[in-house]
Amino acid sequence: MYFEFVTKDGYLTKNDKTTPDEYIGDSKEKDMCSKKDNAMEENIKPPTSLYLRLEIDLVCASLLIVALITRLYNLNEPNFIVFDELHYGRYVSLYTKGVFFFDAHPPLGKQLLFLAGRIAGYDGNFTFDRIGTPYTENVPIRALRLIPAVAGSLLVSVTYRLMLELSCYQWTAILAALLVLFENCFLAQSRFMLLESIQILFGLCGLLCVIKSTRKTDAASVIWLCIGALSLGCCFSVKYSGVYTYFLALFLVGRQVWRQMSIPKSGLFLILSSLWRLAILFVLPLSVYVGVFYAHLTMLPKAGPHDSVMTSAFQASLQGGLASITRGQPLHVAHGSQITLRHTHGRTCWLHSHAHVYPVRYTDGRGSSHQQQVTCYSFKDVNNWWIVKRPDQVSLSVAHPPDAVRHGDVVQLLHGITSRALNSHDVAAPVSPQSQEVSCYIDYNVSMPAQNLWRVDIVNRDSEDATWDSIRSMVRLVHVDSGSALKFSGRQLPSWGFHQHEVVADKILTHQDTVWNVEEHRYTKAEDRREREREIVTAEMIPTTVTQLTFWEKFAELQYKMITHAPDAPHGHMFASEPAEWPLLVRSIAYWLSPNSNAQIHLIGNLVTWYTGTVSVFLFSSLLIVYALRQRRACLDLPPKASQKFYDAAYILFLGYWLHYLPYFFIDRTLFLHHYLPAYIFKILLLAFVADHIYYILQLSKKSRPLTNLFIISICIWMAYVVLTFKKFSVLNYGTTDLTENDLMNLRWKDTWDFILHKKG
Amino acid sequence: MSNKIRKRNTTNDSSKIWWVTFGLLCGATFVTRFYKVLEPDHVCWDETHFGKMASWYINRTFFFDVHPPLGKMLIALSGKLTGYDGTFPFEKPGDKYENAKYEGMRIFCTTLGALVIPLTFLTIWEMTKSLESTFIGTVLLLCDVGFLTLNRYILLDPILLFFMSCSIYGAFKVRTLTEEGLQPFSIRMLAWQVFLGAAIASTISVKFVGLFIVLFVGLRTIADLWNILGDLEKPVSLTIKHLIGRTVTLIVWPMILYVFFFWIHLTVLSKSGNGDGFYSSGFQARLEGNSLHNASAPRVLAYGAQITLKNHRTGGGYLHSHHHLYPAGTGARQQQVTTYTHKDDNNRWLVKPFDREIVSGVVIVRSGDLVRLTHVATGRNLHSHRERAPLTTKHMQVTGYGEDGIGDANDVWKVVISGGKDGEEVQTVKSKLMFVHYLQACILTTTGKQLPKWGYEQQEVACNPNLRDKNALWNVEDNVFEDLPKVSFEVYASGFMERFLESHAVMFQGNAGLKPKEGEVTSQPWQWPINYRGQFFSGSAHRIYLLGNPVVWWTNLVFLAIFFVVYTVNSIRQKRAEAFGKPIQTGKEYDLLNAACWNFMGWALHYVPFWAMGRVLYFHHYFPALAFSSMLTGILTEYLLKSISSYLSQELGRTVYHCAIGVIISTTVYSFYMFSPLAYGMSGPLAHEPNSTMAGLKWLESWEF
């Protein structure tokens, strides 16, 4: 892993200024670590054919080895489900079985876990039921945890390389890498089936490549940018929060383009150079993203427990599930069709009615029509069947050929069991009084004329006379008299409505809850013409293949559902925390507690690093302000090169930190400490950079020599503290040590941390 | 010599033109705003809220609202001065005013709303010193029907927009003065800064969206200071002087004013009203007519006292129990324990030590003590056990258990004073108490969820195993114990600062609680700039519909896009000029673009944050942003016309220039004339019917008039 193959075709005539990175042609494996000195190569006359160059960066390699040791040590312990392994493990099982599932996060991370599981021969037969369940023999737990652990280890080397790229001292780079290495929260997050370490690794890798690209020209720049773009694409295909890293990279490239503009070169050159950059940065990550979803949908062909989230069309395109019911049903809804109508987006339920009426008076004193209730019911039921009828025809049987209903036609809907027509009128709905009530009605009551005509408005029609197709067509039923649309209001009826969901007619037509689609469908067969009916039915059958949706249709729907999906994460989770609490590590997260001892796992940071990191952010901000003010008064404190380096750090590390942190203040969801980790890695880098900068200032003047030494010594002492704290808290990462109450009290450095103890006896 | 005279003549001329334009616009404003101002003579839209609140101010009864008080106090003041007596109920929109004197309040609001137009004129003038920009920008705002509608009723928006315009005007006035090099502590400078400070304080005291104008002024001030600092001919001390001047006038002074407005608010509302329940016991003790006012109780809690416990959550009730059991299927069939917001004998609990029934002498309850609480009316103990709570299944059920105060070990609770030390005495009202269940290690809390009918729709009480529950704080309110000396509740009554802070906590909680319910259709930010859907102010025979003038709004939208393009192109051109060492252009055009840039920033500040807000949003939230957007359009129009005519010959250029301005103005005015019935009232059939007066004007399907 830590050498590079370079293939060369002899064009390599050395000139002294180039550094090794610039003449990499097609390297198969890009280096994460490359050696500093290239003196040896200077002397060798390169051969004119293929050749292989081997470089090992000892520092980088040894950092990696130490990281691997810490991350991989006892990886199969604890042999229990730890925290979110519950979810990710479940997804891995579903991938193994090819069963479709819905998750609000993009799939790449889960696919990687699955890949590892598959190679190790995981058969998917383990139910991930709750945190703390012991794993059985058939779960290759070591393999499943391997990828996050390796990613977490590589993170250390990438940090090192990134700091070098920011032209820091090598010692600073080592310092940064060590800080990441000895950080309990990264250790904990890397050792289990969790995705943050993978996301952060891809993010930092991408950033590193993009930075390299901005500092080079020509081919090397293109290659680095491509690799960076791919890596960034992977980053936000693991978790959407990776998109902040992508924005940062966009910003950096934008900044580069902006700076190029002040170079006196031709306009065309500038336009081209910025265009190809932007093209790479847009196209590659997006294709990674789409590709990952392509793989996702291809890998999951079977219907499963989650598919009720998706539309009927999507469900029917999967194997089994709805497809097995709807297979062979007629396609076009016609006069006389018996249908079930499903609420397309959001909550799964079917239009429903039953022989109960709305109460005469509601508890708030309003009156109702006292007609038969119409609701939306979340379970399959015989009362979900409706018959489509043209208002002017009496017979309910399907004609030959079927009289297909088209976009814009006016129909009535008869409830199958009670044979009353779907009706709406100017009476306030029971729970949403701003909308109209919908009821089932037959002309008994003379005082109220029937208003039971509905216009079929096909939302996704291809042409103006499109037929109403089962499953595929999304329809809006518009009430002819009032112009309102049949709508699922989202509210539940009280006990008189059996807590089913309310259905209303609403003035606002273009709401997603006004969209319905036919799910199950059959033609009404009249008794006497049974033979012919069967003929008709067989003639109109869809071939016995499953409904086909193109990849793009599926992709678009999945994206739409993922965006609109409201997570029902419990508010007030015991270990939830708020963004404002993160910089001071107010809360930890309990990941696991051993069933038989007090050994436990927590996500908790290294408090020493954590606090110094927060201080460094303040220090850096004040430095930034001071330099800016001084510069405004034309006092240049730093030589141009140092100043350049300082502002680079400001744009990459400082901005990166806030970009990954601030958005959480506006997210209205239950948040946890691990959401802070992508920001935190930037903070650690910033911390190392601040140390670097202070050292730089101190060594500028000869007089402050003793001060410089003092600074180095204090950094060493502080580093020792970091390592000690890491060691002390690592028992909470490995989870193999039984802890007494006393031990836990010793670890409880803050009152707000909650550790768990088994009750005695 | 003759040259000089001519120059004076032209300045005289232009100043005359300026005054004529200004006068003309003022006149037009007056006419448009006050035409039919008293119609309809019924309650329109949110007048029902703000009218009601004005009545409460006049009657001095306490209420709770999510907005800060200044706007409502001004409405109340104007009502009081014009003879409104605070008796009209303002029950719902559409109620006829009959004899209530609403005119004063409406005219007051309309006046403030009308003043926005001249202020805008002055502001654009201050930004650009160009009459064309000023004129176009002002006319756009003047001819916007939505702006007119919103500014004619008893609402907070006219007041907000007025103070906002004052702030913007002040900010640019201060910029001009700074650029003229006025000394930081000169009277004129300070006077304008004090004006600006007062304006921003007033804006934020009307509605919290005023925060954005505070940010805008903050940015403006930083830019001023940055410019002063950049002038290397002046010493740094000048910047520091300016900084001190602005800190005092733009930070300290507005803060004082803001607090002062709350002081008036809290002083005026001295009587108990419907808002009491939202506030703590200490707060309520200040309100005349509240049962805590002028009451007295022992200072500390002793065993044997009968107490009521109030929950600390906003609007939290009293710990309550009654002779009814939990129904079958929800945990154990034992007596219900709930919280109840009204004062009732069933809220009384007797405090006993965990191991004895009777305590001799006076023993004070201290933090860390183990106690039992016996419900006085039924003799059952407060009890919890390993059963699910009725609604929140992760919590444990809390019941009343035992007979005549004899129960079991699950009745024992540990009293802990939040933030106190072990052994501290429990004080009436002041101590925030937590009750930790001794055996189950859970904490007594209320979830705020309403129980179904069997629980009489009171709120659920449960025992939360997560001890960090923020709603688990209680305080002793009534404390009946004979053997201790009583002190007056005056002692507990919160001081002004405490009440000030508490009312903020309650307001923010109220604001955060304004969440759209599932399935509810709310206005969304993307709909606003495109004028997607309006808002009915008044229905029935005299329909009024708040909707922007589409010509103005869509022009504004286009110009926002144009600005973006122009600004980007210009920046690139400058950067390129820099590359080739050409001089960077300055002058009139640059000033115009700079002013446009500030307006763009103002627009973005007043619009973009709404995208991130989780609360319920309304169409009228866009109007502050619209003001900026219109000014931007005015300025950019001139910039574009100037640029275009500079490419043409002088003669042709001037003709095109004036024609374009003429077309713009006349289109705007004509569209105003067409859409004005939206503001002045429509009757008859709706617009989609052919015989309507508004036929053909329903340009978008989503408009509802």
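Every residue gets a Cβ built from N, Cα and C, even glycine.
What you are looking at is a predicted structure, and each value in this text was computed from that prediction instead of being measured.
Taken verbatim from TrEMBL:
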DOMAIN    B:298-354  domain 'MIR'
DOMAIN    B:362-418  domain 'MIR'
DOMAIN    B:423-479  domain 'MIR'
TRANSMEM  B:17-35  transmembrane segment
TRANSMEM  B:107-125  transmembrane segment
TRANSMEM  B:131-148  transmembrane segment
TRANSMEM  B:192-222  transmembrane segment
TRANSMEM  B:243-264  transmembrane segment
TRANSMEM  B:551-569  transmembrane segment
TRANSMEM  B:590-610  transmembrane segment
TRANSMEM  B:622-641  transmembrane segment
TRANSMEM  B:653-673  transmembrane segment
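Beyond its flanks by at least six residues, the transmembrane segment (B:590-610) meets 124, 127-130, 133, 168, 209, 212-213, 215-216, 219-220, 525, 528-529, 560, 563, 566-567, 570, 617, 621-622, 624-625, 628-629, 631-632, 635-636, 638-639, 642 of its own chain at Cβ-Cβ distances under 8 Å. Against the transmembrane segment (B:192-222), stretch B:243-264 shows more Cβ pairs under 8 Å than any other of B:107-125, B:131-148, B:243-264. Summarised as a single figure, the pLDDT of the domain 'MIR' (B:423-479) averages 86.
A Cβ distance under 8 Å defines the sequence-distant neighbours of the transmembrane segment (B:131-148), meaning residues of its chain 6+ beyond its ends; these are 14, 17-18, 21, 25, 28-29, 32-33, 116-117, 120-121, 124-125, 531, 534, 546-549, 552-553, 555-556, 592, 595, 623, 626-627, 630-635, 637-638, 641, 661, 664-665, 668-669, 671-672, 675-676, 678-679. By the Cβ criterion (under 8 Å, sequence separation of 6 or more), the transmembrane segment (B:107-125) is in contact with the transmembrane segment (B:622-641), since 3+ such pairs are found. Panel annotation: around the transmembrane segment (B:551-569), residues 140-141, 143-144, 146, 529-531, 593, 596-597, 600, 603, 626, 629-630, 632-633, 636-637, 639-640, 667-668, 671 of the same chain, lying at least six beyond its termini, place a Cβ under 8 Å from a Cβ of the stretch. The domain 'MIR' (B:298-354): residue composition by secondary structure is 3 helix, 28 strand, 26 coil, according to DSSP.
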